[in-house]
Amino acid sequence: FRDVHVQVLLSFGLLVAFLSRCGPGSAAIIILITAFSIQWAILIQGMLYFSLDSKISVGAQSLVRADFCTAAVLISTGALLGRVNPVQMLLLALLEVTLCTLNEFILLSLMGVSDTGGSLTVHTFGAYFGLMVSRLLYQPHKDKRKREEQQDKGHQTGAFAVVGTIYLWIFWPSSISTTTVHHNAENWAVLNSYFSLVASTVSTFILSPLLYEESTPRLVQIQDATLAAMAVMGMAGEMLLTPFGALIAGFLVGLISSLGFRFFTPVLHSKLKIQDTCGVHNTHGLPGVLGALLGTLLTLLATADTFGYRLELVFPLVAQGSRTVTDQALMQLGALPLTLLLATLGGCITG
């Protein structure tokens, strides 16, 4: 819980502090949104997961789930910073926490989907929810100002990027595996996350000099690669990815994220009229979708011979014989369009 909470407050707070015009104010809004969203998430999640005696149980797991839901809200705010006031942010949190909890309940409880690290429920949902709100709040006169901020973000507040990157490296593998801890079972999520993390960082160092004039990548780019690596591991992290597979996945998502910032983000601005302030599409949205697809492929390998005793921990319905591996893979795949639908509709309503 501590590691998850550090991620939510410190890493996301420092991630938005690069904005030269509204950095301190953005960090303050992050604290406000976190304080509000945690309370609302515990209440809404308790109403959906209430126990037999109709009471809301509060414990470490409920706090972790609330932090995960808060992380999705903070991802959405990354696409809107500088264009909405704190009261509007609170309204966004009020609506998004409700829909995010509903999406998580449908996926994890009703469909039996395995997404403990939040590729879909946190990264994908938060990114596309925020992007749809940003689309409906499009302000043409903010384009020039936002481009100036993007040019400054690697130079004026480098210290924030340094600290944020270090905290991401230290705490993210632990936070992504929080809900996969099962007594003495081997924690594959930590191992796969670390391998993905180092590979995505290396690929960013390789590709950035080819895409930009700088000989070495800015720390904000390393921070983005770190987030992308963790987003792609959200669903697949606790599955049988193997170290080699995690390295390949991390390396590719680092390349895709860097290419997205260089080529796809301008298309979002010019063609789709989406002002993505912090680039959440390339750091959370697209890697989250790729993580869901990777998790679907790995689900097809879920047999007693390959997973051993961990099959019951990762896919309990398959282990019990009430669902085949193919059915489970279809459920994992079907969760992606459902999440995108809820996120886009919810973003439209909120916008």
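Glycine residues also receive a Cβ, built from the backbone N, Cα and C atoms like all the rest.
Model, not experiment: these values are computed from the prediction.
These features come from TrEMBL:
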{"type": "DOMAIN", "residues": "3-350", "note": "domain 'Ammonium transporter AmtB-like'"}
{"type": "TRANSMEM", "residues": "6-22", "note": "transmembrane segment"}
{"type": "TRANSMEM", "residues": "29-50", "note": "transmembrane segment"}
{"type": "TRANSMEM", "residues": "62-82", "note": "transmembrane segment"}
{"type": "TRANSMEM", "residues": "89-114", "note": "transmembrane segment"}
{"type": "TRANSMEM", "residues": "120-138", "note": "transmembrane segment"}
{"type": "TRANSMEM", "residues": "158-174", "note": "transmembrane segment"}
{"type": "TRANSMEM", "residues": "243-264", "note": "transmembrane segment"}
{"type": "TRANSMEM", "residues": "285-309", "note": "transmembrane segment"}
{"type": "TRANSMEM", "residues": "329-349", "note": "transmembrane segment"}
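Among the stretches 29-50, 89-114, 120-138, 285-309, the one making the largest number of Cβ pairs under 8 Å with the transmembrane segment (243-264) is 285-309. Per-residue pLDDT, averaged along the domain 'Ammonium transporter AmtB-like' (3-350), amounts to 82 for this model.
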